[in-house]
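Asker: Handing you a structure now.
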Amino acid sequence: MTERRPQGPLPGLLVGLTVVSGLVDAFSLLSLGRVFVSNMTGNVVFLGFAIAGTGGVSIEASLLALVAFVLGARVGGRWAADRTLHRGRLLAIATGVQAGLVIVAAIVVSVVGIPNLATQLALLGLLGLAMGGQNGVVRRLGVPGLPTTVLTRTITGLVVDAGHAPLPARPLLSVLALLCGAIVGAALLRWLALPAPLWLAALLLVGYGIGAGVAAARPRSDDWR
C-alpha cells in the first residue's frame, strides 16, 4: 500500500516545496493583480469574478495563469510518469527546472519591475508553468498527505478526524508550511523588495534539488526508490 511505502527524505522535501508555494502565491496575488499561480481553486473563483466583471480581476491574467498551470502539470506529470528514475533524482531534476523558471521571473522583476500588462502576463506564464510542473511531479511521487498546494481537503481531514485519532504530522505540517510561506512572502514584499519572494523561492528550490539528488545517491536510497 502507498501509505506503507518507505518515503525516505521525500516528506521533508515536499514540506519545503509547500513553503515555496506560499512564497510564490504571495508574490502573484499581491503583485500580479489578484491571481494565484499555485492555488488553482482560488484562481478559478477569481476567473469567475473576472468573467462577471467584478472584483477588479483581469480575465486575461486569471485565464493565462490557469492555462500555464494546466500545461505545466500536464508536462510535469507525463514526464514523471514516463521515467523509471529514482524518485529522489526525479524530484531533483524537476526542482531544477522549476528553479530555472522562477529565476527567470525573478530576473525580469529585478531588472524591469512590472511596468505593463505584457510583463505581468509573462510572469504569470512562467510562474504558472513552474507551479503546475511542481504539482504534476508531486502527484507522481505518491507521498500521501503532502499535496504542496491546495489544502482544502487536508484541512477538512484534520478537522473531521480531530478527537478520534492523533493528528497526523504530514497534513498539519503542510498547512503550517503554506501559511509560513505566505507570511514570509508577504513580509518580504512589504519590507524588502518586489522580487525578494521569488529569489528566496528559487534559492530554496535549488537547495531542495541538491538535497534530493544527494539523498538519491546514497547507498540505502533503494529503500525509498
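Including glycine, each Cβ sits where the backbone N, Cα and C put it.
Just so you know, TrEMBL annotations are computer predictions that nobody has curated.
Keep in mind the model is a prediction, meaning the values are calculated, not measured.
Annotation source TrEMBL lists transmembrane segment at 12-32, 44-69, 90-114, 120-138, 172-192, 198-217.
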Asker: Looking only at the recorded stretches 12-32, 44-69, 90-114, 172-192, 198-217, which one has the largest tally of CB-CB distances under 8 Å to the transmembrane segment (120-138)?
Answerer: 90-114
Asker: Hey, which of 12-32, 44-69, 172-192, 198-217 has the most Cβ-Cβ pairs under 8 Å against the transmembrane segment (90-114)?
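Answerer: Per the Cβ under 8 Å count, 198-217.
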Asker: So which residues does the transmembrane segment (198-217) touch in its own chain, when a touch means Cβ under 8 Å and the partner is 6 or more beyond its ends?
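Answerer: Tertiary neighbours of the transmembrane segment (198-217) are 8-10, 13, 16-17, 19-20, 23-24, 27, 86-89, 91-96, 98-99, 102-103, 105-106, 109-110, 184-185, 188.
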Asker: Residues sitting near the transmembrane segment (12-32): Cβ under 8 Å, six or more positions beyond its termini, same chain?
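Answerer: Sequence-distant neighbours of the transmembrane segment (12-32): 38-39, 61, 65, 91, 95, 102, 114, 120, 123-124, 127, 130-131, 134, 138, 141, 143, 146, 148-149, 170, 173-174, 177-186, 188-189, 194, 197-198, 200-201, 204-205, 207-208, 211-212.
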Asker: Residue list, the transmembrane segment (44-69) vs rest of chain: Cβ under 8 Å, 6 or more residues beyond ends.
Answerer: 28, 32-38, 117, 120-121, 124-129, 131-132, 135
